[in-house]
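Some features that Swiss-Prot has for this protein:
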{"type": "BINDING", "residues": "11, 69, 138, 142, 143, 144, 204, 226", "note": "GTP binding site"}
{"type": "BINDING", "residues": "69", "note": "Mg(2+) binding site"}
{"type": "COMPBIAS", "residues": "429-446", "note": "compositional bias 'Acidic residues'"}
{"type": "REGION", "residues": "426-446", "note": "region 'Disordered'"}
């Protein structure tokens, strides 16, 4: 079977992860003690994508939980599904990274990383046919960003041919948790460009907007935000876990979504958006799902896809529907909005269909888009980074942990390169490919 090893790191990663396991357990009919109480054999058929079967028929998440302080893990353990996890798979330090990327990547995190790798290795060895790793973390703090990227590079060394997929929470434009977010995020992106295969870009502000605007929640909690993220993670892997007419897996996703190796930062969306607890009263149709899925207000990161063009996109539909209708809708989207898709990649939307919808819905869909508009996120972080770095503000916290200014400069230029690469393909047209003369003129005009 195609197993996935799930790793969650830092406060944000552990909170998203905990929510994700609630959603997945619900889909597979697993209760908080790990006992199966489902109503359909399909729930068990490929349950081993995310679960190991333990003695007495209990199902245990194939999850590794890491943090540099015990706090968040204690609350996960005390949470509704806390008893589900394997106790040995909690790996934590006592010091904390104090929102400092260098502590997570070079000092505190480096001391703990081997114990994390031991657990990862043990989980990977128990797999029949390991598909890859999925990691939930944030890029603004110290542990998820610093230690998270350290773990990614270590796993990359040991399992070079497995897919590495991350769900990364980027710093929000208006809401900032910590002053040094731009530093931590830039240093992390520098790593993710090189070592991750697929990065799903999420950001709290966009999630707040969705809760506020679409779900009409007046005071959204992190629980509500994480619920949205979980719906996406669950949708991405639904084809691995349930039978479908058009299957996809992490590798097919990568092949279809990544035209150039560095451009693997995706926007994600989910439809239909329903608030927790309010079930949908009328079933959506495939055209309505498609409409909502491609809506800019539906994107879980603060970039507007209308400001760029889609290089590629992927739609995963769940529920009983005709594949013909799905194909028609996908073509329809491309024809109606052709200016938002690059014309030098024809038919650039991949669709897959999984027969089993999420709990409580008849039809649902998950959207993943590789849009050049994502450069807005990077630009925003880069501006904040440069503003502080020019004055060397807060830098002593990083150099004190043994970091070199050089690494900051490299990270900065790597991120700026990424932005220009996205811009270059946004401007490219079908005729120009191969005619370098015009390219040069364009560069002058920029």
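Placement of Cβ uses the backbone N, Cα and C atoms for every residue, glycine included.
In the structure shown, across all protein chains, 143 is the one of the binding-site residues 11, 138, 143, 204, 226 with the greatest number of other Cβ atoms within 10 Å. Neighbour density for residue 69 (GTP binding site): within 10 A of its CB lie 19 other CB atoms from the protein chains shown.
With a cut-off of 8 Å between CB atoms and residues at least 6 apart in sequence, the same chain places 9, 10, 11, 12, 13, 104, 137, 138, 169 near residue 144 (GTP binding site), listed in sequence order.
Note: residue 142 (GTP binding site) has non-local neighbours 10, 68, 96, 97, 98, 99, 100, 101, 103, 104, 184, i.e. same-chain residues 6+ apart with C-beta under 8 A of its own C-beta. Mapped onto three states, the DSSP output places residue 204 (GTP binding site) in helix.
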